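Read the structure below first, then the notes.
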Number of protein chains: 4
Amino acid sequence: MILDGVIMRGLLESVIENNMPYTKDGKVASYIPLLSSANPDHLGICVTTLEGKEYSAGDCEVKFTMQSISKVISLMVAMLDKGTKNVFSRVGMEPTGDGFNSIVNLEVRNYNKPFNPMINAGAIVTCSLIEGENVEEKFQKVLSFTRKITGNDSIDINQGVYLSEKNTGDRNRALAYFMKGNGILQGNVDDVLEVYFKQCSMEVCCRDISRIAAMLANDGVLPWSGERVISREVSRIVKTIMVTCGMYDESGEFAVHIGIPAKSGVGGGIMASVPKRMGIGVFGPSLDEKGNSIAGIKMLQELSKELDLSIF
Amino acid sequence: MILDGVIMRGLLESVIENNMPYTKDGKVASYIPLLSSANPDHLGICVTTLEGKEYSAGDCEVKFTMQSISKVISLMVAMLDKGTKNVFSRVGMEPTGDGFNSIVNLEVRNYNKPFNPMINAGAIVTCSLIEGENVEEKFQKVLSFTRKITGNDSIDINQGVYLSEKNTGDRNRALAYFMKGNGILQGNVDDVLEVYFKQCSMEVCCRDISRIAAMLANDGVLPWSGERVISREVSRIVKTIMVTCGMYDESGEFAVHIGIPAKSGVGGGIMASVPKRMGIGVFGPSLDEKGNSIAGIKMLQELSKELDLSIF
Amino acid sequence: MILDGVIMRGLLESVIENNMPYTKDGKVASYIPLLSSANPDHLGICVTTLEGKEYSAGDCEVKFTMQSISKVISLMVAMLDKGTKNVFSRVGMEPTGDGFNSIVNLEVRNYNKPFNPMINAGAIVTCSLIEGENVEEKFQKVLSFTRKITGNDSIDINQGVYLSEKNTGDRNRALAYFMKGNGILQGNVDDVLEVYFKQCSMEVCCRDISRIAAMLANDGVLPWSGERVISREVSRIVKTIMVTCGMYDESGEFAVHIGIPAKSGVGGGIMASVPKRMGIGVFGPSLDEKGNSIAGIKMLQELSKELDLSIF
Amino acid sequence: MILDGVIMRGLLESVIENNMPYTKDGKVASYIPLLSSANPDHLGICVTTLEGKEYSAGDCEVKFTMQSISKVISLMVAMLDKGTKNVFSRVGMEPTGDGFNSIVNLEVRNYNKPFNPMINAGAIVTCSLIEGENVEEKFQKVLSFTRKITGNDSIDINQGVYLSEKNTGDRNRALAYFMKGNGILQGNVDDVLEVYFKQCSMEVCCRDISRIAAMLANDGVLPWSGERVISREVSRIVKTIMVTCGMYDESGEFAVHIGIPAKSGVGGGIMASVPKRMGIGVFGPSLDEKGNSIAGIKMLQELSKELDLSIF
């Protein structure tokens with residue numbers, strides 16, 4: 001299907017308009033003060049095609065922190081640094097019915113690795129696999145990679161959010177020390193968490209994440225430059241894990257109703273990659289009970305139906 | 001890609017040959033005597049295209065019992081009888097890291113429905129939703145539907161396996177009574193399990209399941225007759241759930257490495273549906289630790305790579 | 001301390017009076033209709049001394065079903081039939097923080113026996129160990145033993161409660177089939193549960209259970225006849241398990257605050273055995289959230305304090 | 001029973017001799033290097049009567065670290081500082097079937113407090129309740145109290161063990177941060193753990209712990225000086241919790257077979273308090289699978305039988 005620009009812009013405008021009412025149903029994240037000050041009425045969408053064209057509507061320039069969307073970034077960086085085989089010897093690729101910050105299965109089933117890289121325990125492990133002399137070098141690698149795949153050199157962390165994450169990160173410390181105690185996690189716990197908290201705090205807008213999604217949809221090649229940044233295999237692995245584990249405990253339902261590889265964050269963003277078609281970035285900080293943007297999901301559902309985007 | 005018949009047949013022959021050695025690595029199911037008598041060296045494959053053409057190699061005529069593959073059948077029948085909304089108000093659509101016969105999450109998390117229809121608890125619930133005056137009528141509905149979507153009127157249950165399932169089905173009785181006690185399951189437990197045990201015991205060959213898979217790949221229309229048997233929506237739901245939950249605790253890894261919606265059974269069969277491409281049925285009773293045909297997975301992996309079948 | 005009869009009667013009268021208000025705080029058991037029709041204002045107490053003297057106050061003649069108190073009976077009968085070593089090779093003697101009808105630890109930790117004989121799973125196993133040609137013979141053994149240790153030949157089951165237990169016993173069926181499937185439970189599940197449901201439905205009054213408790217306090221010898229019915233060792237095992245596991249999830253708190261080996265039932269009874277001192281039976285069908293008689297516990301607490309009955 | 005000194009000494013000598021062979025069955029603790037260097041052949045016992053007389057045999061002067069026995073100390077200090085009601089609003093008094101360092105129930109059941117003060121999570125909470133300006137002041141309170149109730153001013157921490165505990169304490173850090181994240185634990189995690197690690201590292205001998213046990217047996221009064229150090233109520237609470245939770249996952253079996261309130265530590269010590277009779281300290285670093293001194297338990301069993309010490 002050839003996407004005519006005029007039609008596309010009109011479609012995105014109407015998608016924003018049609019789903020605006022859903023922003024009233026959810027709640028913005030409140031576990032750290034800075035997130036709770038987000039404007040629940042914000043709603044934005046951006047589409048990046050594989051030809052590098054971009055269409056947007058709504059609050060597509062408003063910045064938000066990546067939060068769990070950054071787990072996709074550190075997974076890619078870790079695979080680039082250590083190879084896929086090595087990474088998946090340390091973290092699994094199976095979906096789990098447990099919560100994103102659950103510690104239970106690590107204990108009860110005596111697993112020697114976290115279920116997958118999209119739950120906190122798994123993302124902490126992938127952060128530990130990024131190479132670098134010190135914390136700063138490791139995080140700079142994540143940041144540089146993020147800037148490259150968004151084509152946006154101004155991306156940086158939100159210092160306030162970062163400090164808040166650090167101050168309230170006790171559950172993540174518990175996960176990390178548990179894995180350290182079991183030999184699952186190597187390295188200094190504080191250092192690993194520093195990288196983790198920082199990557200969660202990187203600020204982006206809809207356009208940025210739609211570009212990352214477009215690169216993934218384009219099998220690892222940046223649509224705007226033709227540069228390959230990850231292999232086709234890495235790109236496929238990432239998209240697959242986004243389908244089975246990307247939307248917290250709502251991944252199965254999202255796959256059935258929308259059918260697009262996607263990763264959400266409690267900052268309100270959803271990064272959705274339609275293989276061989278397009279990248280989509282949506283933003284709406286009002287969340288459902290599972291932690292996903294409530295109007296964001298509705299917009300993706302409408303777009304998936306209108307453009308027949310489901311991979312199934 | 002246009003599949004030339006000669007090339008296809010050659011490919012399937014070499015796939016069988018290349019992966020035969022893997023049959024030595026696993027073990028046939030042993031929880032009931034009749035399954036443990038299966039010949040571990042058997043290996044078969046059949047492909048049904050959306051044009052209705054069929055290509056096969058190896059032991060593609062050898063019969064085996066559907067076992068968990070039948071969960072896909074009862075899910076479709078239940079959706080036809082009760083509607084998708086109604087069915088999914090009683091069973092979830094989320095993947096779970098717990099085993100197929102786990103009772104834990106029903107108790108610990110106090111869920112009011114099983115995670116998904118591919119675990120035993122969920123399949124028992126879908127069986128309970130099939131309409132009919134009595135057990136016989138309900139099972140006949142499952143059997144008739146199976147005969148229709150395979151185009152094979154000779155399909156029937158293996159009486160010996162059925163009786164064995166019934167004799168050794170205490171864990172499933174536990175699941176059913178647990179759900180009955182919690183109000184999740186309605187109706188007579190023995191009756192519901194009768195349908196469940198019977199559907200697990202339906203005997204098929206690779207060709208039969210490749211045809212069901214082709215119908216799903218064809219969005220609900222039988223390739224050989226053009227008859228629509230389920231709606232496009234039902235077909236999409238089924239394929240999605242096969243991706244996230246179809247291969248027991250190995251679903252995530254299967255999705256990453258192979259990327260085809262599939263459902264396996266401990267009888268040794270795997271039914272794999274490549275959307276808009278083809279249906280594939282493989283059979284190899286030697287299982288890996290998760291309960292999936294060990295050489296069957298390897299064959300699908302080779303085929304997926306050769307023909308670029310991954311949906312991701 | 002020598003218990004003067006007049007003082008004792010006065011003490012019991014005031015205990016009833018002082019704690020009557022607590023009957024307003026709880027709720028009668030409601031999982032079966034017949035239990036929910038109990039009068040929440042009932043409150044009775046009976047003390048049987050090691051010399052065979054009996055003192056009572058309140059509704060000490062009102063009948064109620066033993067429910068979980070019967071688990072002590074079947075444990076004694078099983079030990080008489082099979083020996084303590086044999087019994088405890090099939091059921092543990094450790095307290096558990098899980099609920100009385102939990103199935104989790106049987107699955108998750110893959111235990112080969114239930115934690116202890118006071119949770120449902122454990123009591124079902126002890127019932128399975130009672131010897132007899134058939135269900136009727138086995139239950140008659142339990143009933144005869146109960147009549148003997150209460151000195152009350154008129155004890156029988158409440159037919160209505162028994163049928164209700166049977167009708168609503170799905171959770172217990174789940175436990176039994178789970179254990180059958182795991183090889184923990186032997187024999188026919190329906191038969192074992194028949195004995196279990198029947199023993200739960202035996203009707204007693206405060207006096208009856210105070211006599212059983214007195215026999216236990218007297219190291220296995222009936223105070224009124226001098227007849228030894230169980231060995232000193234069996235008597236000690238029973239009392240120990242009552243301390244660690246007798247009061248559901250409140251056993252620890254009961255031990256700290258009251259310090260008397262005791263077993264409660266959702267029928268409202270509590271059987272408390274003060275080693276070398278006396279047996280106490282209390283009855284009050286209004287239960288706290290854990291399933292223990294709310295005013296019954298308060299009465300035992302007052303009595304324990306007044307008479308210095310704690311074993312600690 | 002009046003304990004004749006000559007008889008008592010002979011009894012203890014033969015208890016050591018009879019149970020020495022059991023030291024060959026277990027293993028010394030190995031999770032930190034310094035513990036693994038303990039001599040598995042050591043075996044000592046000391047009895048302190050309520051009159052302050054002491055009888056000993058074997059390696060009763062050999063020092064070992066208190067480890068989990070110190071949980072009893074911090075519990076007493078916390079109750080002295082904050083009152084029993086306050087303490088038990090923050091930590092439960094129920095036994096649990098889970099391991100001493102389990103995190104599961106804190107998460108799965110969403111409990112707002114650890115099950116009891118004898119598991120690590122509970123002991124960490126009691127340490128956090130000890131009052132003091134800083135870590136040093138808090139630990140000094142624990143140390144001073146230990147010196148007082150042992151009448152031994154030379155007790156101090158084993159610096160090497162303390163540093164090892166600190167270095168390998170990741171599981172305890174996980175527990176503490178988990179509770180911090182859930183609001184169960186207040187204060188600085190590192191500070192609380194410092195107190196915890198230090199108290200575990202206090203070095204004692206059999207005599208020391210037999211004296212603490214004698215004080216508890218004497219309802220809170222030091223036998224040798226008549227000084228009351230804790231109230232009768234606190235003494236009773238401690239003994240009760242020792243019965244239900246003192247011997248790790250073996251508490252129920254220990255209660256049945258031996259029937260004495262006791263607390264063990266992986267350093268090889270067991271502190272056993274026979275109410276109104278005596279305190280007993282045993283030491284044998286060879287442990288069974290649950291973490292209890294294997295020959296130590298056997299010695300207590302023989303002594304309990306010989307002197308009829310069971311409280312049941």
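Cβ coordinates come from backbone N, Cα and C, glycine included.
Features as listed in TrEMBL:
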BINDING   C:Ser68, C:Asn120, C:Glu165, C:Asn172, C:Tyr196, C:Tyr248, C:Val266  substrate binding site
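Structure coloured by features recorded in TrEMBL.
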{"residue": "C:Ser68", "record": "substrate binding site", "DSSP (3 states)": "helix"}
{"residue": "C:Asn120", "record": "substrate binding site", "DSSP (3 states)": "helix"}
{"residue": "C:Glu165", "record": "substrate binding site", "DSSP (3 states)": "helix"}
{"residue": "C:Asn172", "record": "substrate binding site", "DSSP (3 states)": "helix"}
{"residue": "C:Tyr196", "record": "substrate binding site", "DSSP (3 states)": "helix"}
{"residue": "C:Tyr248", "record": "substrate binding site", "DSSP (3 states)": "helix"}
{"residue": "C:Val266", "record": "substrate binding site", "DSSP (3 states)": "coil"}
Spatial neighbours of C:Asn120 (substrate binding site) that are distant in sequence (at least 6 apart) but have CB under 8 A: C:Phe100, C:Asn101, C:Arg171, C:Asn172, C:Leu175
For the binding-site residues C:Tyr196, C:Tyr248, the one whose C-beta sees the most other C-beta atoms within 10 angstroms: C:Tyr196
CB contacts for C:Asn172 (substrate binding site) [other CB atoms within 10 A, all chains]: 24
Neighbour tally for C:Val266 (substrate binding site), based on other Cβ positions within 10 Å of its Cβ: 26
Max CA-CA distance, Å, over listed substrate-binding residues C:Ser68, C:Asn120, C:Glu165, C:Asn172, C:Tyr196, C:Tyr248, C:Val266: 19
C:Ser68 (substrate binding site): tally of other CB atoms within 10 A of its CB: 23
Cβ packing number for C:Glu165 (substrate binding site), 10 Å threshold: 25
